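A.B. asks: As annotated by TrEMBL, transmembrane segment applies to A:12-35, A:64-84, A:145-165, A:197-220, A:232-255, A:267-283.
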Ligand SMILES: Nc1ncnc2c1ncn2[C@@H]1O[C@H](COP(=O)(O)OP(=O)(O)OP(=O)(O)O)[C@@H](O)[C@H]1O
Ligand SMILES: [Mg+2]
């Protein structure tokens, strides 16, 4: 039992980070059908946002700098996402393969841009002092506050996204566009505006995830790349289109990782997890929790 | 007055699904367009609604040519559409489907619900159910209600009687007449159920192979002979 708690905690911690990085991707992929290969770079933009805040306000971390970093990360990644949608993605909605290629190119450009602006070395972003401490559950077990914070924060972000998409008029408008584009425009919805907003919103959420990642260690131009594969895995395992699937996918991959890593190497664990995902997809090609209704069956 | 002048539209460059269509409907009247499968009825409504580009011709609504506008702009001018296949948003509830157009227009939602449930009381009982889970007839009622609550000036209906039990068809007919009179709405009704459509209408057009082959005003005296004369 004593061993079990750190494993579970580690798993939850990984899950929460996966969830934060995947939720924006899942919205863009699930609602718009656009595969955004630059999603990792929006995470990177978020990581650098907390660094930028520290450049301006000094490297002393506090709750205020953290709050400012969250706000800046969302604004920056939302804004850059909006620009990219207007300039590139919008022209490629009917051509999924081209949009994969284009977003991959954008990903490379953004990484290089980060190298030019911030240098290729990793940087550290400060966080509130208290978060670098931990909760000593027993003599051997200490749960770091920053990880507890990220778990709670992921829950909060999920609640917010759920509320926004399912309970507000604006969210319903986005849903309608994604469910039936031409009918949505026939009842007077501006579908181009909805597309731009959905894409930017997904990017903004990636930015927020970046802040959480910057709380765990140094970040650099390729930080986004380290997370993008697992993030895609979560979205595909969960099933496209629903928040529930993404949460389920993140929990499954996140919680099983430390247990599997326990009896093998971490690269072997990756192979095992990938195989498990493939097996699930073999039996459930739509993922664990796809959307369904009468019009489809 | 709603007017279509020399409208030609189609899905490919070589052939047109509808040719040289001329239609005019006086304000607040019901006009029906009847025709068999593949005659081009849906194509005509789609081009009015901006869902497919017209090759030539004009569509005059409220004194303005709307043939080059997109669906959103046409909807905002007050043209509402009940498509064939209803096109209910499957993952939104009945109530969310009903209110969406009102939310976009910042209209009073409580009043909209009252109007919608007043016309279709059955919808009230299933208001929490997802649109995709409704039966065909329920979806049809919802599609019409969704159109009514946005206070339209003109409505386009694509085969509202299709797959609906007879007494509900009669109910829909009564509602359409009531709307045209009470709400000052012009109605363009596309149907294959000839007697149902002609009996509601003040004028009709017969569409065959993408062209209008017959048209006339409908009066008490000629309604029976018109219905008899149309063989789909
Ligand atoms: N998406 C499409 N692409 C190519 N041709 C089409 C398309 N949709 C319809 N057509 C063709 O255009 C013609 C008119 O079709 P339309 O759907 O307007 O007929 P309709 O009168 O509505 O028939 P129904 O009563 O069966 O609904 C038909 O010959 C049809 O095959
Ligand atoms: Mg049709």
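The backbone N, Cα and C atoms fix where each Cβ goes, and this holds for glycine too.
Show me how these features fit into the structure around them.
C.D. replies: Residues of the same chain lying 6 or more positions beyond the ends of the transmembrane segment (A:12-35) and with a Cβ under 8 Å from any Cβ of it are 42-43, 89, 92-93, 96, 99-100, 103, 147, 150-151, 153-155, 157-158, 161, 165, 174-175, 178, 195, 198-199, 201-206, 208-209, 212-213, 216, 227, 230-232, 234-235, 238, 240-243, 245-247, 249-251, 253-255, 257-258.
Packing against the transmembrane segment (A:197-220) from elsewhere in the chain are residues 16-17, 20-21, 23-25, 27-28, 31-32, 34, 36, 39-40, 42-51, 66, 69-70, 73-82, 84-85, 89, 114, 120-125, 127, 131, 146-147, 149-150, 153-154, 157, 161, 174, 177-178, 227: each is 6 or more residues past its ends and has a CB under 8 Å from a CB in it.
Beyond the transmembrane segment (A:232-255), the same-chain residues lying 6 or more positions past its ends with a Cβ under 8 Å from any Cβ of the stretch are 8, 11-19, 21-23, 25-26, 29-31, 158, 161-162, 165, 273-274, 277, 280-281, 284, 286-291.
Within the chain, the transmembrane segment (A:267-283) has long-range Cβ neighbours (under 8 A, six or more residues past its boundaries) at 233, 236-237, 253, 256-257, 260-261.
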A.B. asks: Please indicate, using numbers and ranges, the residues of the same chain that are 6 or more beyond the transmembrane segment (A:64-84) and have a C-beta under 8 Å from a C-beta there.
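C.D. replies: Residues 38, 42, 45-46, 49-50, 52-54, 57, 106, 110, 125-128, 196, 199-208, 210-211, 214.
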